[in-house]
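In what follows, a structure is listed as structure tokens, so that the remarks can point back to it.
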Ligand SMILES: N[C@@H](CCC[C@H](N)C(=O)O)C(=O)O
């Protein structure tokens, strides 16, 4: 099986061209290839497939083999893959995901994509749609008890489920201890991606993420969008936010008139390879 290892701000996946390769059990393959000792090493697996309703389809799996509806860093890499490897010559493309069809604008230099802007769509705030078990129409600054401690969460779906938790010092957070407690908390029927956030100023925030199905990653695109939406809803930032992640910065804008979120960031190819297993 031919594959390409790609990363967006260090959030790395194994990409397989579904036009050429037929994968029988992608969930099982995701677990194998993601292993950083016995596999290729990645946060998961992404298949790039033909689509009947868009230019391409992105089929995304986490490192534990579970399916993710959307992947912000992954979708920018899919855009780079299809352009750089000649599957399209368009710089405006659409990609079908389980979280809806996304529209992307590619910036290319000397025939290679260097940056991608993604229209990530409308943030979903209704608890039942995220899903979060909660009373009311939204989950904004709402209490949640984890391991005997009360936190305040804001819930947002960007096609996949997120909660945002504000903290003073995320650098010293023992995320591998607390992350799984949020991920598997009984109030999240589909588990949850959790972003831990420090607000730096009205246009800049810093975050770490514990991803559903993959653990701590260096960046999460849908997570950065959820964080920007949460910060704006909580009155902490303006509508344009630079989100500082462990792997680098993402630029997020919530266009309130169109009620859509734009994410801009890089995508890179690490290497091509052949999987023999
Ligand atoms: N890293 C991704 C999100 C991947 C899916 C997520 N773990 C889930 O299960 O929803 C991103 O960049 O958005």
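The count begins at 1 with the first shown residue.
The backbone N, Cα and C atoms fix where each Cβ goes, glycine too.
Values in this document were obtained by computation on a predicted structure and should not be read as measured data.
TrEMBL lists 71 with the feature active site, proton donor. The annotation active site is assigned in TrEMBL to 71. Marked as active site, proton acceptor by TrEMBL: 220. The substrate binding site annotation in TrEMBL covers 11, 62, 72, 73, 160, 193, 211, 212, 221, 222.
Here the features listed in TrEMBL are placed on the structure.
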| residue | record | CB count, 10 Å |
| --- | --- | --- |
| 11 | substrate binding site | 30 |
| 71 | active site, proton donor | 28 |
| 72 | substrate binding site | 29 |
| 160 | substrate binding site | 26 |
| 211 | substrate binding site | 28 |
| 220 | active site, proton acceptor | 35 |
| 221 | substrate binding site | 28 |
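Distance noted between the C-alpha atoms of the residue listed as 'active site, proton acceptor' and residue 72 (substrate binding site) is 7 Å.
Note: the CA-CA distance between residue 221 (substrate binding site) and residue 71 (active site, proton donor) rounds to 7 Å. A helical conformation is recorded for residue 221 (substrate binding site) in the three-state DSSP classification. Residue 71 (active site, proton donor) and residue 211 (substrate binding site) have their C-alpha atoms 11 Å apart, to the nearest angstrom. Of all residue pairs in the substrate-binding list (11, 62, 72, 73, 160, 193, 211, 212, 221, 222), the one with the greatest Cα separation is 16 Å apart.
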